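Note sheet for the following structure.
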Amino acid sequence: MTEYFIRRIIQSIVVLFLVTVVTFAIIHLAPGGPTEVLVAPGLSPEAFEVQKRNLGLDQPAHIQYVRWIGKLLQGDLGKTFKNSVPVGELLWPTIGNTFVLMGAAWLVAMVIAIPWGIYNSTREYGLSDQTASFISYLGFAMPTFWFGIILQQYFSLKLNWFPLSDMWTMGKKGDIGDLLMHLVLPVCVLSLAFLAYYVKYSRSSMLEVLQQDYIRTARAKGVRENRVIFRHALRNALIPIITIIGLDLPMLVSGAALTENVFNWPGMGRLFVDMAIAREYNVLMAIVMVTSVMVVIGNLLADILYAVADPRVKLGRKGGDTA
Amino acid sequence: MSGVVPRQEPTLADVPGMGSPVPPPAMDKPQGPWKTAGKRFVRNPYAMGGLAVLLFFAIVAILAPVIAPYEPDKIDFMNTNLPPGTKGYPLGTDELGRDIFSRLVYSSQISLTVGFSVAAAAVLIGSLVGAVAGYFGGWIDTILMRLVDVMNSLPSLFLNILVLSIFGSDFIYMVLVLSFTGWMGVARLVRGTFLQLREMQYVEAARATGVSSWGIMFRHLLRNSSHPIIVNATLMVGSAILSESALSYLGLGIQAPETSWGLMLSNAQEFMLVDPLQALYPGLCILIIVLAVNFIGDGIQDALNPREKKTFSARRLRQWRNKYSKSTG
């Protein structure tokens, strides 16, 4: 077990290292590379060279990479090209904002979807099951940002129930009630996306367990159905649901780029899009890195949680990474 | 699309690397497996409905110059913001006087082209990587699979935005970057099959008769992955359409004067107060077309593996989740 964990951790570190290489390469392989953003109208070639040198962009790519990663390891994410704002100052508050939004959406989805899926597993193909599956299909096929726009039009422009966009009303920053009102619509949008597969997830996880022999044994010896479901089956069905918690952790900071843009939510996804249009590569690299770190940690946690929670999981080299 | 509540168990259309490879066709059966699968597919009303809708959109896309009354980028300042139902403009016009119906019709070209070319390119890259990794194994496999891990760890939407912001928003770049971030699923599938099959005797026999490695990989082994690849590719068409609309919505995909449903949506959001209906149509088109593609994908899945287990283990759920969650958020 320990050996497996250590191997997974080393693997994760290697993956993260490669992620930095890939991200860096994409930016520097581009025609013109990051320097292109410095070209401003009316900038003399001399001034351009000075600017380039100041930002260290005159060095060969591998030297720039080593410098960048050296700083990254010390927690220095660099500065923006324009205005020289430290990237961290831009980034950290938005992570918090995204976390609030996604956390809320995720909680809502979990609270609705898991019990619903479990209920549906006991009444396969019933009305509720079919509704859930209909909603899942919709959730998978619907462009989330479109759903957001439709909700905005109906519930804030027409009915005026909820604010149109942003996180706070002007001058009301810090007011929890105001925040909650702003949360309703984006949370609706995002939780539908989560809900779409959580319902299926918990349903099939439960069905898988209900087919096991020990459930049949429990029923055969006369255990009441409720007890079979809640005492015998649910515990094992929850194990894969635990894994998804780990897997979805990274989404809590990264998963809302589109919704954030629709609702003008000051989160990381919106920052990314803004910075991509402004071509602030330091910010972009930092965000990609933060997200990738979260993904890798999430995967690692999911594997570890799963292994700890379910002793039947075979840990071994073989087939360990076939999936 | 009112009666879409599926009567059957909706499959989650997922097969990656699971279970035994497709069995060879039994000799005493008069019909091949493809034919029987085809029959099952035809009997599935959702799949057939999906196919009909997809065909409809394909015809609209091909006949766009005939169907659309105006050029999609024809600006007409005399007729801006006309309401739907105005004579000559069935769905009205936008703030520049462009006919919304014509724009919708032309946009289907973009969506379908992106969807199918991305799926094709991703399958190509994925099969190549997966085949090489699974067939040669060893350090080649390790390197390629770490690459898959890396690509899976990179947030795909961010990566798409990043690449498009660097290279510029161009149709070709968009197809390339969407394939570049979408091939990993196929690679894993193909690798899984190859790992299982490369020690089989028929492979050895082929090798003994002098078939080259590439010949064995692409003539003999790849066929065994064809079922899951087809299902995966179908679903990828849908997710590519969603991604295209998302990127265009964010202003990084299709650019004016070209038109796309995503672009129309970003436009509509700006003029939400003027004409709230404008946002409805493009989104509905995306929803319907992606829904159709997903129904087809699930139908193919059911047709090819009718006895496929309907519930699945955590590992498969994870793969399935990875596939579907590409465009959430």
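Even glycines carry a Cβ here, placed using N, Cα and C.
As recorded in TrEMBL, the features of this protein are as follows:
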DOMAIN    A:95-302  domain 'ABC transmembrane type-1'
TRANSMEM  A:12-30  transmembrane segment
TRANSMEM  A:99-119  transmembrane segment
TRANSMEM  A:131-155  transmembrane segment
TRANSMEM  A:179-199  transmembrane segment
TRANSMEM  A:237-263  transmembrane segment
TRANSMEM  A:283-308  transmembrane segment
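Residues 100-102, 104-106, 108-110, 112-114, 116-117, 120, 132-133, 135-140, 142, 144, 147-148, 151-152, 155-156, 162-163, 166-169, 244, 248, 255-256, 259-260, 262-263, 265 of the same chain lie 6 or more positions beyond the ends of the transmembrane segment (A:179-199) yet place their CB under 8 Å from a CB of it.
Of the Cβ pairs linking the transmembrane segment (A:283-308) with the transmembrane segment (A:131-155) and spaced 6 or more residues apart, fewer than 3 are under 8 Å, so the two regions do not touch. With pairs at least 6 apart in sequence, the transmembrane segment (A:237-263) and the transmembrane segment (A:131-155) have 3 or more Cβ pairs within the 8 Å limit; the two touch.
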